[in-house]
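What Swiss-Prot says about this protein:
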type	residues	note
TOPO_DOM	1-21	topological domain 'Cytoplasmic'
TRANSMEM	22-42	transmembrane segment
TOPO_DOM	43-54	topological domain 'Periplasmic'
TRANSMEM	55-75	transmembrane segment
TOPO_DOM	76-85	topological domain 'Cytoplasmic'
TRANSMEM	86-106	transmembrane segment
TRANSMEM	108-128	transmembrane segment
TOPO_DOM	129-147	topological domain 'Cytoplasmic'
TRANSMEM	148-168	transmembrane segment
TOPO_DOM	169-175	topological domain 'Periplasmic'
TRANSMEM	176-196	transmembrane segment
TOPO_DOM	197-215	topological domain 'Cytoplasmic'
TRANSMEM	216-236	transmembrane segment
TOPO_DOM	237-255	topological domain 'Periplasmic'
TRANSMEM	256-276	transmembrane segment
TOPO_DOM	277-281	topological domain 'Cytoplasmic'
TRANSMEM	282-302	transmembrane segment
TRANSMEM	306-326	transmembrane segment
TOPO_DOM	327-343	topological domain 'Cytoplasmic'
TRANSMEM	344-364	transmembrane segment
TRANSMEM	367-387	transmembrane segment
TOPO_DOM	388-394	topological domain 'Cytoplasmic'
Amino acid sequence: MSEFIAENRGADAITRPNWSAVFSVAFCVACLIIVEFLPVSLLTPMAQDLGISEGVAGQSVTVTAFVAMFASLFITQTIQATDRRYVVILFAVLLTISCLLVSFANSFSLLLIGRACLGLALGGFWAMSASLTMRLVPPRTVPKALSVIFGAVSIALVIAAPLGSFLGELIGWRNVFNAAAVMGVLCIFWIIKSLPSLPGKPSHQKQNTFRLLQRPGVMAGMIAIFMSFAGQFAFFTYIRPVYMNLAGFGVDGLTLVLLSFGIASFIGTSLSSFILKRSVKLALAGAPLILAVSALVLTLCGSDKIVATGVAIIWGLTFALVPVGWSTWSTRSLADQAEKAGSIQVAVIQLANTCGAAIGGYALDNIGLTSPLMLSGTLMLLTALLVTAKVKMK
């Protein structure tokens, strides 16, 4: 990582942090995350308005993750020599266009095109977010700047689903995306005003990113990452139809459940460093095991609102360990190739999100209401077993 930081500084090293630029990047991150998860809380009205099933509507999440997967792998090589300021502005424009296309969509095809635009911005932005932040502040301030970025992610995850549910009932799902488009416009203007020129640096070295998978335990780790995130999206994408039909929650009740989920996730993220200091492997094996049990409890007793609410809180609290835990594993196990490892990890997560949402939607439409839960629980159990048996820690 130190080599990567040095590579990204060179001639454009600075001595004073550009906090306005850092906060503009953080705001852009928050907007991307919020828009990514809006369909989760708006799935039912979107499906009804477009005349499609909820399982099919859930593919709006799938296509975003699918496009983001490819963007995260190839965007940094494609735009090597391009000024990063213009690239970030482009991503903010794509975010805005995505929201407008979705809000005016009169067909499922147009909805998917809009969500694909978001995927391009999301995957591309995440692939370069760390290096971008490192070029805005002096080396001593990098940890603080990164905490601002990931703090924005945590806040966005807390408010995205409940805010979407509340506003969707108040102004309609299309106007929710119109409001998100306004946020996109604010992103564009803030970035134009605050982000300095950040020239790209063409590289003539051949990238051997996938060679990292040949290292001992790395392939097992990536498979475990895939299964844990696929299990998450198989459940979370369809939390609205499951909770409204299985537990009988209304829109107001669902909003409170989603808010509880988000707050629990924020608390879990805050506690994750304390837990991971004790044992990374225990956290990575224990968290999916708890989630597997939670999925079973919700399948068997989900008609009870108290049980369903409790499962949502436990799920948010526990799954928060997963992304932080795997990032810790990656930086420890592949410290000499942290950027390449991060690129693969982002791609694996987006592929998992794609498959989890797609298969969960198919199961919901063709097998039954609790089938996404059973799929999620099975994947989480397999993750726990794989981590215990095959994943190596340093």
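Every residue number used here counts from 1 along the chain in the order it is shown.
The backbone N, Cα and C atoms fix where each Cβ goes, and this holds for glycine too.
Since we're looking at a predicted model, the values are computed, not measured.
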Criterion met for the transmembrane segment (344-364) and the transmembrane segment (108-128) (at least three Cβ pairs under 8 Å): yes
Interface present between the transmembrane segment (306-326) and the transmembrane segment (108-128) (three or more C-beta pairs under 8 A): no
Helix, strand and coil residues within the topological domain 'Cytoplasmic' (277-281) as assigned by DSSP: 4 helix, 0 strand, 1 coil
Positions on the same chain near the transmembrane segment (22-42), where near means CB under 8 A and six or more residues out: 57-58, 60-61, 64, 88, 91-92, 95, 98-99, 115, 118, 121-122, 125, 129, 132-133, 136-137, 145, 148-149, 151-153, 155-157, 159-165, 168, 173, 176-177, 180, 183-184, 186-187, 190-191, 193-195, 236-237, 239-240, 254-255, 258
The transmembrane segment (216-236) and the transmembrane segment (86-106) contact flag, 3+ Cβ pairs under 8 angstroms: no
Taken over the topological domain 'Cytoplasmic' (327-343), the model's mean pLDDT: 70
Among the ranges 86-106, 256-276, 306-326, 367-387, the one whose Cβ pairs under 8 Å to the transmembrane segment (176-196) are most numerous: 86-106
Composition by DSSP (helix, strand, coil) of residues within the topological domain 'Cytoplasmic' (388-394): 2 helix, 0 strand, 5 coil
Folded-back contacts onto the transmembrane segment (256-276), same chain, C-beta under 8 angstroms, at least six residues removed: 41, 154-155, 157-162, 165, 239, 243, 249, 283, 308-309, 312-321, 324-325, 328
Residues of the parent chain within Cβ reach of the topological domain 'Periplasmic' (169-175), under 8 Å, 6 or more residues beyond its termini: 42, 45-46, 49, 103-104, 251-252, 255
Tertiary contacts of the topological domain 'Cytoplasmic' (388-394) (same chain, 6+ residues out, Cβ under 8 Å): 216-217, 220-221, 224, 280-281, 284-285, 329, 332-333
Long-range Cβ neighbours of the topological domain 'Periplasmic' (43-54) (under 8 Å; 6 or more residues past either end): 60, 105-108, 111, 168, 172-174, 237-238, 240-241, 244, 361, 364-365
